[in-house]
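Here the structure comes first, spelled out in structure tokens, and everything after it is commentary.
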Amino acid sequence: MANTNLQFKTNYTVSSKIEPFYKGGKVQISKDEKHIFCTCGSHVNVLEISTGKIVHSVEHDDQEDITSFALSCDDELLVTASRALLLKQWDWRQAQCTRSWRAIHTVPVASMTFDSTSTLLATGGCDGTIKIWDVVKQYCTHNLKGSSGVVHLVQFHPDISRLQLFSSSLDCGIRLWDLRSSQCVCVLQSHYSAVTSLCFSADGGTMVSSGRDKICTVWDVNTRKAKRTVPVYEAVEGVVLLPENKDFSQIGVKSKDLHFITAGSKGVLRVWEASTARCVYTQTLPSTLIPVHGEEEEEEEEKDDDPRSLTYLLHLPNSSRLATVTAEHNILLYQLPGLTTQQQFVGYSDEVLDVKFLGKGDSHIIVATNSCQLKVYELLTNSCQILYGHTDTVLSLDVFKKGSLFASCAKDRSVRVWEMDSDSGLVRCVAQGSSHANAVGSISCSRMKASFIVSGSQDCTVKVWDLPADMSTAGTGMCQLTSRATEKAHDKDINSVAVSPNDKLLASGSQDRTAKLWSLAGEGNLGLLGVFRGHRRGVWAVCFSPVDQVLATSSADGTTKLWSLQDFSCLKTFEGHDASVLKVIFVSRGTQLLTSGSDGLVKLWTIKTNECVKTLDAHQDKVWGLHASRKDDKMVTGSADSNITVWVDVTEVELAEEQAKQEDQILKKQELSNLLHEKKYLKALGLAISLDQPHTVLTVIKAIRQGEDSRELLEKTLLKLRLDQKESLLRYCVVWNTNARNCLDAQAVLQVLLTHLPPEELLQYQGARTHLEGLIPYTERHMQRIGHLLQASMFLNYMWQKMRVAGAPSSMGQDEEMDTTPLAQSQPFLMIDKEKGKGSGEERQDAGDDSDSGQDEDPNCPVEEEEDDEVSVTKKASICGGRIANGASTKTNGNHHSESEESSEDEDVEEDKNEQTKMVKCLPVSSAPQCQTFAS
């Protein structure tokens with residue numbers, strides 16, 4: 001039975017985002033070891049190590065990509081170089097550029113470094129030159145020429161008194177520059193490939209260099225000779241010397257000889273003894289990283305895009321840690337001396353293919369990206385675990401009812417089951433199976449308990465895999481899964497599979513445009529129960545309703561459909577996405593749907609009304625991942641734009657806020673009524689303005705104007721208002737002025753404001769110019785209306801006098817004078833009557849007939865509505881202004897009539913004028929010459 005207290009969802013808001021912060025390039029750690037600086041296109045992002053969040057970001061104004069950057073040794077100065085050949089100096093904590101200058105390089109800067117005093121900056125360019133800048137006195141001190149090709153490495157000797165600079169370029173030599181003479185004093189030749197890093201001993205007498213030629217060389221800096229060449233058997237990207245006075249016996253350091261750590265293409269850290277060129281320790285990789293499928297180790301080494309390879313190695317001496325950067329833009333921190341993993345940050349996730357909530361209370365999310373690795377994020381801290389196991393791109397995920405167990409499938413034709421430890425939060429692979437003939441594109445877990453999983457593959461088959469009951473107690477071992485049932489389900493790739501809430505049914509969706517329903521009750525093969533036909537293109541997702549016998553499907557034809565499980569008929573179709581609908585899930589206990597599409601949108605639908613109640617736009621590309629939490633109070637989306645967004649349902653919050661707002665308004669209106677009764681007009685007006693309701697404010701204005709000495713009282717009250725209250729009052733006057741019934745109140749307020757406030761103050765009000773422009777056309781109309789009423793009253797007086805003269809007795813004395821004063825004042829009105837009869841006249845042409853008898857009778861012109869609706873006054877003025885300019889008017893039997901804009905008093909005047917026109921035509925012949933003379 002449906003819960004009568006169920007509240008439909010109406011809105012979600014973004015709770016948090018996981019965005020890319022590093023897309024390759026240089027990485028540097030601050031001296032205080034609190035921040036990581038890394039490049040991301042045209043930005044240098046500053047990541048706080050303790051929280052894993054981006055706390056600062058700097059960007060060049062020209063939005064050119066940053067080619068290199070350097071942070072000074074005192075953590076105060078950040079200098080960046082862009083492709084536009086500009087160098088910029090930053091106060092990075094405030095994200096403000098403090099200085100910029102043109103680099104003398106003719107091509108972009110490839111490398112940068114500061115000396116230990118933070119006063120000298122060296123830049124190595126792609127033009128083969130090196131410039132040294134004094135950042136204090138702001139000038140170039142050296143221009144070092146002689147390198148061949150791109151200078152990709154520059155580094156000062158740590159002892160600044162030596163005034164030595166080391167550099168390396170395409171010729172693979174290490175050049176030593178004497179800054180006193182600006183000369184290259186020698187070239188250290190040992191490497192046959194690019195030199196990647198240099199590291200100096202504490203006394204500065206020994207230097208270790210690493211290269212992609214798979215060797216490291218130990219140099220005596222004083223004699224400038226190679227002391228030892230150490231074959232490392234992998235392309236080395238970084239080298240770090242171990243401190244001499246610490247115990248590193250856990251990683252194989254048994255003697256006091258010089259030891260160093262290398263990081264390179266194999267993705268492991270190794271410890272080497274310099275004197276013997278022997279590897280004393282190799283970091284242990286997870287068992288899942290051992291080469292599989294009989295691949296040779298050397299073949300693995302030759303992979304250029306191996307995600308395990310390391311590109312940077314950085315030393316954090318104060319905290320005794322190491323930081324490595326992987327080819328997949330992950331930053332990992334290890335704690336010495338045991339090299340235990342401490343923190344992991346994912347700099348760039350590429351395309352997010354699936355995402356699910358995980359853990360107790362949905363505290364984590366598991367993410368499948370365009371990678372063979374899985375990422376598990378803790379939502380509270382953004383810390384990440386990187387899971388290795390699959391050997392090709394992971395395509396789909398699903399979570400068991402027990403929130404700590406989930407399954408994955410990948411292009412490597414395998415499925416895996418993973419378990420999160422409830423105490424430590426660590427995730428390990430507990431089971432795997434592989435018997436599909438092609439990539440496995442979809443996976444679904446049993447709903448009642450963790451008893452089986454179902455996979456759908458590009459080989460057009462569906463497989464059911466039974467899970468062992470003691471899987472979680474199997475220790476560190478990994479179970480091998482075998483499929484209990486295999487069925488050729490479709491004619492094309494299977495995109496989605498879903499298990500029903502009672503574990504008895506299975507649904508599958510395919511590129512062949514159909515969805516199928518299967519029985520899981522039998523022990524043997526799957527039993528086909530029916531086919532759902534109706535989509536015009538491939539079916540991307542299938543999902544069972546949690547409460548009804550209904551299946552939802554989404555398709556590349558841009559629609560989502562609901563199907564009956566009893567007769568396989570289509571019950572409803574939801575259309576709204578502009579492209580493929582990639583995911584569909586039920587929320588609100590099966591009464592609503594969430595869909596995501598290739599258009600980057602997420603839509604919330606109410607099934608009963610077939611209505612899209614909310615469209616969420618937070619992604620710029622396909623939204624592949626869509627999942628709701630078990631409590632149904634939040635959801636997570638993952639997109640091809642590399643962003644992961646966590647959304648929170650704010651329906652209850654919004655309803656509570658709306659209810660509180662309504663209650664507050666009721667209380668304020670009661671208080672307003674009391675204030676008006678007590679004639680405390682200033683407080684009443686301030687309270688009415690705080691409600692932001694023009695009609696309520698108008699009520700107070702009318703109450704003020706009804707009392708004695710209303711003009712003085714209104715003036716006194718309005719001038720005591722605050723500046724923001726006067727600003728609101730001006731805005732309300734524009735609304736009131738559009739209605740003939742309220743124009744007098746609006747004009748009374750305007751008279752006070754315009755009389756007592758200087759123009760400079762009025763123009764400072766927000767939107768003041770727009771408000772004043774909106775007041776002008778309506779004020780002109782009101783003036784015309786008043787003029788017509790005045791003229792009409794004079795004409796009436798004239799007619800009354802003429803009737804008295806015509807009907808006077810013959811005995812009337814010559815000495816009795818007739819009041820002829822209105823005659824001279826009412827002369828123009830016979831001209832108006834004449835125009836009404838003939839349908840022409842100069843006044844109509846000039847004014848566009850914008851009087852009570854003209855433009856304002858158009859029922860389609862929303863000029864003066866009876867209600868006090870808050871509408872765009874500027875828009876209304878522009879609409880009516882256009883009609884006035886076109887001289888549009890409505891006539892009936894030669895006479896104009898009013899339908900919606902004027903008050904009842906205006907209509908009475910109009911009727912009087914029509915009667916007066918008739919009376920003019922019926923005047924006696926004796927008075928006609930006088931009328932003609934008057935009209936002339």
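Note: Cβ is positioned from N, Cα and C throughout, glycine not excepted.
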Stated TrEMBL location of region 'Disordered', expressed as one of 50-69, 210-229, 810-829: 810-829
Tertiary contacts of the repeat 'WD' (387-428), as residues 6+ beyond its ends and Cβ separation under 8 Å: 286, 288-289, 292-293, 353-360, 362, 364, 366, 368-376, 378, 434-450, 453, 455, 457, 465, 467, 471-472, 476, 479, 481, 630
Residues of the parent chain within Cβ reach of the repeat 'WD' (616-647), under 8 Å, 6 or more residues beyond its termini: 12-20, 348-357, 362, 365, 367-368, 377, 379, 403, 580, 582-585, 587-589, 594-598, 600-604
Contact set, same chain, for the repeat 'WD' (574-615): CB under 8 Å, 6 or more residues outside the stretch: 2-3, 6-12, 537, 540-541, 543-548, 550, 552-562, 621-628, 632, 635, 637, 639, 641
